[in-house]
């Protein structure tokens, strides 16, 4: 990317021909954040399951709570309720408590916060698989319908995961992005959401095609619309395993990433040591000029 700021022979200085040093550095920052963004796509794929298959599960469960009848489509309200209750607890209790041990203004770093959410999303999918086994066995073996609110476990856990990851991502992008690109970077979390929903459709199709060939019944895990006859629980556990693998990938990139403040401190120390070794002060470069223009200015002086 540095070559974009170095003028070549017979290159006119136009905005689309030659970049400033600042533009190159901003592009580097955005490129470094992409692996973090891509690591959250699997979590949003899990979210798509809760808003599709889990609603269909609810249609086959007991919708009554006492004398009240709750539609299965109302279950996704549970994560919002959990977030509304837990965000104040997180801000006023968890952050001050963790700040005593870590010394970090936010209690834990933004990337640690995202990592907690990724772990909880994997747990949510594992719990969803267990609940589906209980629901299917109760219906197939005893012709009974378990309560709709058994789904609140997976929805509640995912609500906590969303509180950590979604808010952590937005804070991460806003604090790390260049000042002129902050509004764009905060929209990256919704870009991850859209990719996650698209990947959900692809996975459902691929899983059905593969399992049709390997299962003795020659029927995919998600064939038909009757969940009492298919293997939705296996699909949930597949997503839980995929989420664990994705978390390992995320940990690698989170360790690789250097926060903007850390890089600035390293650069200042390098400049100071170079100035001491050279017996003088380092020349101050104008960040808004191409590298070639800076070299010409230094050479003429």
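Note that Cβ sites are derived from N, Cα and C of the backbone, with glycine treated the same way.
Remember, TrEMBL labels are computer predictions, not curated facts.
What TrEMBL says about this protein:
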TRANSMEM  33-53  transmembrane segment
TRANSMEM  73-93  transmembrane segment
TRANSMEM  114-131  transmembrane segment
TRANSMEM  151-175  transmembrane segment
TRANSMEM  187-207  transmembrane segment
TRANSMEM  234-253  transmembrane segment
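Between the transmembrane segment (114-131) and the transmembrane segment (33-53) there are 3 or more Cβ pairs closer than 8 Å, counting only residues 6 or more apart in sequence, so the two stretches are in contact. The transmembrane segment (187-207) makes no contact with the transmembrane segment (73-93): fewer than 3 of their CB pairs lie within 8 A, with pairs spaced 6 or more apart in sequence. For the transmembrane segment (234-253), the residues of the chain that approach it from at least six positions outside its boundaries are 35-36, 39-40, 42-43, 45-46, 49, 53, 114-115, 118-119, 121-123, 125-126, 128-129, 132, 203-204, 207, 221-222, judged by C-beta separation under 8 angstroms.
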